[in-house]
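Visitor: I have a structure here, written as structure tokens, and I will follow up with some questions on it.
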Amino acid sequence: MEKRGRGGNPRLQFTLQSRLFQAALQGNIMSLKFSKMHGLGNDFMVIDGINQVFTPNSAHIAAWANRHFGIGFDQLLLVERAQTPAADFRYRIFNADGGEVQQCGNGARCFAKFVYDKGLTDKTHIAVETAAGIIKPQIQPNGLVTVDMGAPRVLPDDIPFRLPADGSETAGALTHQIVWDNRQPAIAVSLVSMGNPHAVLRVDDTKTAPVAEIGAALQQHPQFPERVNVGFMQLLDPTHIALRVFERGAGETLACGTGACAAVVAGMRQGWLAAGETVQVSLRGGDLFVQWHSGSHVMMTGEAVWVFDGELAA
């Protein structure tokens with residue numbers, strides 16, 4: 001069945017029925033409506049938790065995330081009523097392994113489009129409460145979404161990151177050396193928190209960078225007690241970078257909005273990128289545009305795409 005939303009975009013709607021989905025529907029709930037969306041290929045299952053009852057369960061989320069036996073997605077996004085008067089909505093994010101995380105930039109754009117297109121708000125500029133603080137998405141006339149991602153944080157305690165016990169590094173250093181393999185040279189990373197932790201390293205070519213190997217090693221490195229997202233940044237010119245991101249709980253994704261923001265902040269702090277300029281970030285799934293002035297908030301602009309509406313039926 002095809003239906004059209006507020007923006008006139010065609011949407012495919014269907015019902016999924018299986019033991020897996022029946023087991024996930026709890027209590028007296030007979031069905032659970034959801035939408036599939038993506039931002040540059042970083043894909044999401046989005047659930048309206050305001051007009052239907054939904055209790056997150058990590059095992060169910062992990063099963064739904066499975067691309068062979070489930071719906072398939074990188075993260076599940078949950079829309080809830082705001083818990084603070086300063087926000088219009090509460091935004092919760094769950095990775096494909098079922099673990100809840102603080103922030104997701106691509107998800108924030110899809111969240112804004114979802115609540116607007118579903119008629120949960122008639123405002124194109126909203127305030128959204130996250131575990132990392134308030135973010136402010138704005139739907140642009142051209143359909144792109146700009147998100148005020150807040151101010152970046154760059155100290156080790158913000159990540160968190162454990163400094164070497166020998167005192168060889170200081171908290172204010174622009175880069176930190178990490179031994180990820182005793183057979184390999186140490187890796188220099190820049191630390192940036194965008195509400196979630198990022199370690200950014202510069203590479204000569206993202207196409208040949210050992211993203212899976214180094215990403216997995218750094219993500220679970222003991223100096224990152226809460227794990228970390230690892231960005232591999234290639235400088236193309238002072239206003240253009242290529243980026244691949246290995247995300248904690250998801251592995252490498254086609255795009256990472258907070259990773260793009262973290263890479264631009266790291267590049268500007270290092271002097272590699274033009275200070276205060278809008279930087280084009282080319283990811284495997286497409287391009288984001290990020291602007292940051294030192295001491296201010298990070299602004300990120302990109303697409304948010306509806307794929308289909310669905311329903312889990314008991």
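Backbone N, Cα and C define each Cβ position, glycine as well.
So TrEMBL has the following annotated:
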ACT_SITE  Cys104  active site
ACT_SITE  Cys104  active site, proton donor
ACT_SITE  Cys256  active site, proton acceptor
BINDING   Asn42, Gln75, Asn95, Gly105, Asn106, Asn196, Asn229, Glu247, Arg248, Gly257, Thr258  substrate binding site
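Tell me about the surroundings of these features in the structure.
Guide: Take the CB of Cys104 (active site) and look out to 10 A: across all protein chains shown you find 31 other CB atoms.
For Cys256 (active site, proton acceptor), the Cβ neighbour count at a 10 Å cut-off comes to 34, with all displayed protein chains included.
The Cβ of Thr258 (substrate binding site) lies under 8 Å from the Cβ of Gln103, Cys104, Gly105, Met149, Met194, Gly195, Asn196, His198, Asn229, each on the same chain and at least six residues away in sequence.
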Visitor: Which one, from the binding-site residues Asn42, Asn95, Asn106, Asn229, has the smallest tally of other C-beta atoms lying within 10 Å of its C-beta?
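Guide: Counting other Cβ atoms within 10 Å of each of the binding-site residues Asn42, Asn95, Asn106, Asn229, the minimum falls on Asn95.
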Visitor: So around the substrate site, Asn42, Gln75, Asn95, Gly105, Asn106, Asn196, Asn229, Glu247, Arg248, Gly257, Thr258 aside, which residues have their CB within 8 A of the centroid of those CB atoms?
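Guide: Same chain, not in Asn42, Gln75, Asn95, Gly105, Asn106, Asn196, Asn229, Glu247, Arg248, Gly257, Thr258, Cβ within 8 Å: Asp74, Ile93, Val101, Gln103, Cys104, Gly107, Val245, Ala250, Thr253, Cys256, Gly259.
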Visitor: In whole Å, note down how far the CA of Cys256 (active site, proton acceptor) lies from the CA of Asn42 (substrate binding site).
Guide: 7
Visitor: How big is the substrate site in terms of the longest C-alpha to C-alpha distance among Asn42, Gln75, Asn95, Gly105, Asn106, Asn196, Asn229, Glu247, Arg248, Gly257, Thr258, in angstrom?
Guide: 16
Visitor: Just to be sure I understand the packing, how many Cβ atoms besides its own are within 10 Å of the Cβ of Arg248 (substrate binding site)?
Guide: 23
Visitor: I need the nearest neighbour of Cys256 (active site, proton acceptor) among the binding-site residues Asn95, Asn106, Arg248, using C-alpha distances.
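Guide: That would be Asn106, the closest of Asn95, Asn106, Arg248 to Cys256 (active site, proton acceptor).
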